[in-house]
Each structure stands twice: as C-alpha cells, then as structure tokens.
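Some notes on the structure that comes next.
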Amino acid sequence: MWQLFKTFSLIGAFTFGGGHAMLQLIREEIVSKHKWMTDEEFIDLFAVAQSLPGVFAVNISIFVGYRLQGFWGACVCALGTTLPSMLIILIIAMYLTQFRENPYVEKVFKGIRPAVVALIAAPVVNTWKTMKLGWKKVWIPALSAILIWHWGINPVTIIIIAGLLGWLYVTFIKKQITHQNK
C-alpha cells in the first residue's frame, strides 16, 4: 500500500498540465517500472477512466488501486494523486499575489507550457502503438478532434457514437465480410 501511495504521490507532485499530462507518467510507473499490469490492461482502464465523469487522473488512479489492492488501494491511490496537487495549490494560493507579476515566475510558466503539450502528445502516440490501430484508421481521431474543436460537439457524444459505430461494424459488417471469405 505504501508503494502505491508513494508512486501516485510522486506522479501527482511532479505533473503539470492536468490528468492527460499524467498519463505517460502513470503508464511508465504502472506498466514499465512496477509491472503491475500489461499495456493492454492499462489501455482498457484508460478507456473506462476517460469515459467517466470526474478528474481523469483520479479516475485512473482509483481503478489501478482497486485492481491491485481493492477498496483501500483505490482510496490510497486517490489520496496519493490528489494530496500533492492540493498542497501545492494551497501554497501557491497563499503566495501567488506576491509573485504574480514576478518576471521569473512568468518565464517559468511560459517554459512549462510547451512541455505540457509534449506530455499530452506522448501518451497519444504510445496508446496508438499499443492498440495496433495502424495508419489506415488515423481518420477516426482526426475527425473526432475536428468535430470537437471546430464544431464544438461534446466529446461524450462522440464517444457514444464511436462506440455504437464500432459495435455495428463488428456485429454486422465484419461478421459478413468474415462469412463471405469462408
């Protein structure tokens, strides 16, 4: 239990940019370093955590904790993920007014922003490779991104439609193609 708390506390303390920026760090710790689960199992947890309401990083930490140590593991991982951020925000809130106009602090945050983009992009590429989707299916996330960014369609709507279309494809079209090839 201590290892779970320590792992998620370190992730929570040293990740900037929100839950998706944490994804690669969580994956590295859970899959690569500690080998608590496989990449495929992690991708499945990621999909479920992503589709639920709430903070993504907390959702995935709860799933990992529950899978490894049950209810108390989920509690420990959630606490480990949220406690460092809460303490950091509390300290920043107490002193931000004093440092708000500080040019050094401003430069630090400007430097962090591009790194956050990379922290979000890296898990996208790794997830793509793990799922073995290939480049023929790149249109699906590209179209989803356009629908969200350009037309403002709710991501939940896109997830529901994609799930329904995937189910229809596997149930009817792929089944017919497989049946015709026999």
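Quick reminder: no glycine exception, Cβ is built from N, Cα and C everywhere.
Looking at 6-25, 126-145, the stretch flagged in TrEMBL as transmembrane segment turns out to be 6-25. Residues of the same chain lying 6 or more positions beyond the ends of the transmembrane segment (45-65) and with a Cβ under 8 Å from any Cβ of it are 4, 8, 11-12, 15, 18-20, 22-23, 26, 30, 36-37, 73-78, 80-82, 127, 156, 159.
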